[in-house]
Protein chains: 2
Amino acid sequence: MKKVVKFGGSSLASAEQFQKVGDIIRADESRRYVIPSAPGKRFTDDIKVTDMLYECYQAAAEKRKEFKNLLRCIQERYQEIIDGLGLSLSLEEEFSVIEQSFKNGAGEQYAASRGEFLNGKIMAAYLGYEFIDAAEVIIFDENGSFEADRTDEILSARLENVKTAVIPGFYGATEDGVVHTFSRGGSDVTGSIVAKAIKADLYENWTDVSGFLVADPRIIKDPQVIETITYRELRELSYMGATVLHEDAIFPVRKEGIPINIRNTNEPEDKGTFIVESTCRKPKYTITGVAGKKGFCSIYIEKSMMNAEIGFGRKVLQVFEEQGISFEHVPSGIDTMTVFVHQSEFEEKEQQVIAGIHRAVQPDVVEMESDLALVAVVGRGMRATRGTAGRIFSALAHANINVKMIDQGSSELNIIIGVKDSDFETAIKAIYDIFIMTQI
Amino acid sequence: MKKVVKFGGSSLASAEQFQKVGDIIRADESRRYVIPSAPGKRFTDDIKVTDMLYECYQAAAEKRKEFKNLLRCIQERYQEIIDGLGLSLSLEEEFSVIEQSFKNGAGEQYAASRGEFLNGKIMAAYLGYEFIDAAEVIIFDENGSFEADRTDEILSARLENVKTAVIPGFYGATEDGVVHTFSRGGSDVTGSIVAKAIKADLYENWTDVSGFLVADPRIIKDPQVIETITYRELRELSYMGATVLHEDAIFPVRKEGIPINIRNTNEPEDKGTFIVESTCRKPKYTITGVAGKKGFCSIYIEKSMMNAEIGFGRKVLQVFEEQGISFEHVPSGIDTMTVFVHQSEFEEKEQQVIAGIHRAVQPDVVEMESDLALVAVVGRGMRATRGTAGRIFSALAHANINVKMIDQGSSELNIIIGVKDSDFETAIKAIYDIFIMTQI
C-alpha cells in the first residue's frame, strides 16, 4: 500500500500544524511520499510565505534596502517552526544561497518556489524522510511547460528504491536547472504527478476543509460535504468555479485510476471526500454539487430559415475562433442561436466579432447581453432520478429568477443554467435548498 | 381595405362548399383577390383532384388506355360542381387542351397544376371576378426556382387596376410558359405572394379547421385554438412539425407586415387564428403551442479539457457540414458536446461522420443514440412568466419521461426538449395538460 500525501499551506503554517501533520503521517505507514506546500496563514491577516517571497524578490530586483529585512522575516518564520518542533535543523546555508540567487536575479518563479523548498527541508528533518528536491524530478521544458512523460520517467526511477520521501510541491525545473512553478495552488499538481509516477493506491490531499463541498461556503453557510465524487463531476464543478483542488491536479491520477481523498488536517477523523474514476455507490443527494461563475455574455443571432442552412453554426463559431475566443454554450432554437462566451475574452473584440458574424452569415438580428452567470448543477444521481429538471426550475421560479439559458446534453450528468449575475447567489441558494436542505 | 383570400381543397371540394365560399366572399367586399386550391376530398375515402391528375398523367405518359377514362372522371368532378352551382360555364375547351398537352408530355407539374387552374375558372365564373392565370403572374426560373422579385413586379403591375380577381394557387410558369408548381400545399404560398404584391391589409387563409391549434389533434383530442400567434412562433411550431400553413407561405407576407388570418370555411363565425409580426396582446395561455418531430439521433462526444480547446466545437460541426448534414442542436456540458441531427440524413453517413470526428478532434468517447424526438414548447408568454421551465419538467417527470436534452437560448421564446421517440406523444400530452387543461 502506497499513499502520496499532500499538505496545503494552512496545514503547515506553524509548528503546531506541523505536529498535526506529523501525527497524521505516522498514524499510517503507507503514507510514504509527502508533498508539502509553503507555510500559509496562521491567522486571518497573516501573510503567506509565498507572498513574502514575491515581495522580497521584488525588493531585491529593485535593489531596495528592505530586501535583507524581508528575507530575515521569512527566515524567522521558518525558524519559529523549527524551534517549535524542537529540531536542530539549520537553514543558514539555504538562506545564504537564496540571498545570493535573489541578488543575481534568479527569477520570480525561483523565488516563489523557495517556500515549498524550505518547508520540505523542515518536513524531511521532522519526519526522518529523505528530502528530494522537486527541481531534480519535476521537469519543465525551456518554455516553462511541464513535461509529463519525461517527469514520469525520471520520477519513477528516482523513487523506485526510496521508501519514504518529502518532495516539495509547486515547482520543478528544466533539465538545466532553471526553476519553474505551476500556477498558484500547484502543489496539488505535484502530488498528483508523484502519485501517478509511483502508481500510488491513494492520493491524500490534506487541506483545511473536511472535503469537497456541495456548494460554495461563501454563498451557503456550512454546506454539506460530498462523500464521493467522480473525476467527471469534479472537473465540471471545478470548471464552474468550485475550488479545493488545482484543476490540473486531476488529470495525472485520473489516467491511472488513482482515487484522491480530500482530508482536513484539523479534523483528521473526518472521512473527507473521495474523488474516484467511477463508483456504483449511490450518492447521498440527487445532486453532487452546484457551482457557477459570473462574467459571461451572450450573443444572440437570429436569421430566417437558419435551420435550413447547412454550415450556419460552424461559420458563426469560426468567427469566434478566429478572434481566439472560446465559446461555453451554443443553445439554439429554430432560426436562432446564442453563443455564450467569457465577457473578459469577448469585450475587447466585440466589434470584430459582430462584424465577422455579419460578414459570415448575414443575420437578421444580433443582440448582446452581458453580466450573465452560468450555474452548473452536477450529479451522477440525476441520471437515475426523474424530475430533477422540474425541481431545479420550480425552485428558481419560486426564487423569482429569470432563466436566460438552459443547456442539458445527453450526458445527463449536468444541467447548465444561465441567469443574470445579480441572481447568481440566489440561484445557487435556491438549488442547494431544494436538493439538500429539504432532504436533511 | 384589400384582402387576399385563399381557400383550401376541402373548402372547394363540392358545389355545396363552393356556395359557402361564395357567401364568405360576398359578405365582405374587401375580399377582392381569391386564390383557390384544387378540389379536395368530399368524404374520407375520396380522392383529391390533384392525385387524380397525377394518376391520369402517368397513364398518358405510359400510353395506357385508361388515360381517357381517368380524364373523364376528373372532368365529371368539375362538371358536378358547375351543375351544382347552376353555372352555364363549359370546360370542354380547357379539357381538350389538357388532353392534348398530356399526350405531348407536358410534364407532371403541368398536370398537377390543372386542378387549381380549372377550379379557378369555375370560381371566377361563379363570383363574376376576373380570371388571371397564375402562369402569367407567378414566375419561375428555368431551374424551377421561384423568382420572388420578378413575380412581385409583374403581379403588382397586372393587378394594379383589377378590382377583383381569381388567381389559381400552387403553380406559376417560366417567362417562356413552362409550368412549375410549388411543393404540395403551395396554394398558401401563392396567396402570400399575391398579398405581398398588392400590399394587402390581410391575408385570409380559409381551411377546414378553426385556426392554428395549440397541439397536434392526432395527439390531443380537440385541442384549443390559438387566437394570435407571431410569425416567429408559427415558424418555430411549423418547423417542428405543426402544419396548417405551407412553411414558405410565411415569408412573403412577413416581410410586409401583413397579418394572416386562418379561418374555417365550415365555421365562418369562428375568428380563427391571427398570425402577426408582433403583438402586445397577452396570450391566453403561457404557451402558444407545443409541437415536435420524431426521428432524430444524438452524437455524444466527450474529451477531457475540451472546453480549453478553442475551435473544438467548430471542428466537430465542420465534419457534419462536410457530409452535408445539418445539425439541430448542440447542447454542451463541460468537456462534452452532443450533436442532434435528423436520423434520415445521418444514418447512411454515420461511419464517415464518426471517423471524421475522430480525425478532427481525437475524442475520448463518442456515443450515439437513435430514435429520439424533439419537442418545442413555444410561446411569447414564456418570457413574462417565471416558472415555465419548472412546470414543463415537473409535468414530464410526473409522466415518467426521461429528458434527454434541454435547450433554451436567450430568445426565451421556446424550450426544446429531447425525449425518446416512444415518449413523444406522452410528452406532448403532459405539456398540453399542464399549461392548457389546468387553466381551462
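Even glycines carry a Cβ here, placed using N, Cα and C.
Marked as ATP binding site by TrEMBL: B:Lys6, B:Phe7, B:Gly8, B:Gly9, B:Thr207, B:Asp208, B:Arg218.
Marked as substrate binding site by TrEMBL: B:Thr50, B:Glu116. Under the three-state DSSP scheme, B:Thr50 (substrate binding site) falls in the helix class.
Note on the domain 'ACT' (B:377-440): mean pLDDT across this stretch is 88. Annotation comment: TrEMBL describes B:377-440 as domain 'ACT'.
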I'd like to know which of the binding-site residues B:Glu116, B:Asp208 has the most other Cβ atoms within 10 Å of its Cβ.
B:Glu116
Near the Cβ of B:Thr50 (substrate binding site), how many other Cβ atoms are there if near means within 10 Å?
22
Fewest neighbouring Cβ atoms within 10 Å: which of the binding-site residues B:Lys6, B:Arg218?
B:Arg218
What is the interatomic distance between the Cα atoms of B:Thr50 (substrate binding site) and B:Gly9 (ATP binding site), given in whole Å?
10
Subset of binding-site residues (B:Lys6, B:Gly9, B:Thr207, B:Asp208, B:Arg218) lying within 10 A of B:Glu116 (substrate binding site), CA to CA, in sequence order:
B:Gly9
